[in-house]
Amino acid sequence: MDKQTYWEIIIHPSDFLDQFTDFIIQKTSCAIEFFDILPTPSHFAIIYDDASWQSVLGFDILKAKKSKQPTQIVSRIASNEINIQDFLESLQHFALMLAQNTQDSVGFCYHIEEKFNYDWIKAYQDSIEPVQCGRFYIRPSWEQEVKESYDEIIINPAFAFGSGHHASTAMCLEFLSEMNIQGKTLLDVGCGSGILSIASCKLGAQVYACDTDENAIKECNKNILLNGVMLNALWQGSIADSPMGAPQKYDVIVANIVAFIVKVLHNDFRTKLAKNGVLILSGILDEYKFDIIKAFNDFDMLDTCCKDGWVALKLTL
């Protein structure tokens, strides 16, 4: 066993999932994953028919089957960083102590397999391909520069903040590509990675952006620097939290956010959008399309776009 291998340990407690999870994290100092399994007789039969699964302390299959969400805990630990036998003994001791403290039966079953390490970073990078949306070519920093005559945007995907691959982001980029926003004021609500703000800067707009998520603001700042553009203002919060010096009205507002929040912000959009300005709404599932259109019936519809079950709307006052 060496650093080129790791242990994959799958543990299925009969109960007390949170307590088992806390113990495993403290014991290994490693991240864990959860896998929810189907609480069906056939699935549990597969577990117990497989000789690689071991039952400890009379693991109660009936109790596990009746739990609301049977869950397996998966931990991956470098082989040279743990004595697997010591770990299992400590886990069994923990289960015994938990049983004594709760006056309940506590058992678990487990499956252990030694696996070879995999270059997850390279595999991840290989899975992220550049994408073309309207006038824009979006690529991660490890991809080569584009040779065609597109406006290039560099985004290193992080979390779920927008990299151009999702339909809702792509439709916003396509709408912006069709517009002349040179010199116009634009507000990006829920800016996420900053991809729409960066695109708008490259189209010559004076860009203001906000997001309620602190991590999104951090990612946006990183990507702004990566692309060599400058926003007029970027703040954590919503429209109502605009900093001093921000426009009272915007020529363009773009909001790629969930439908529920779109409805909540209706009055803010109406207050902040200039007369004859353009409001782009995206992040709307097709099933909520008419609900949003009804909520914004005091706006005039300029265009709609549908892609992969998602909808984007272009509106004006």
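Glycine is treated like the rest: Cβ placed from N, Cα and C.
Residues Gly190, Asp211, Asn256 are recorded by Swiss-Prot as S-adenosyl-L-methionine binders, and the candidate that the same record lists for that site, out of Thr169, Thr271, is Thr169. Spanning the residues Thr169, Gly190, Asp211, Asn256 that the record associates with binding S-adenosyl-L-methionine, the maximal Cα-Cα distance equals 15 Å.
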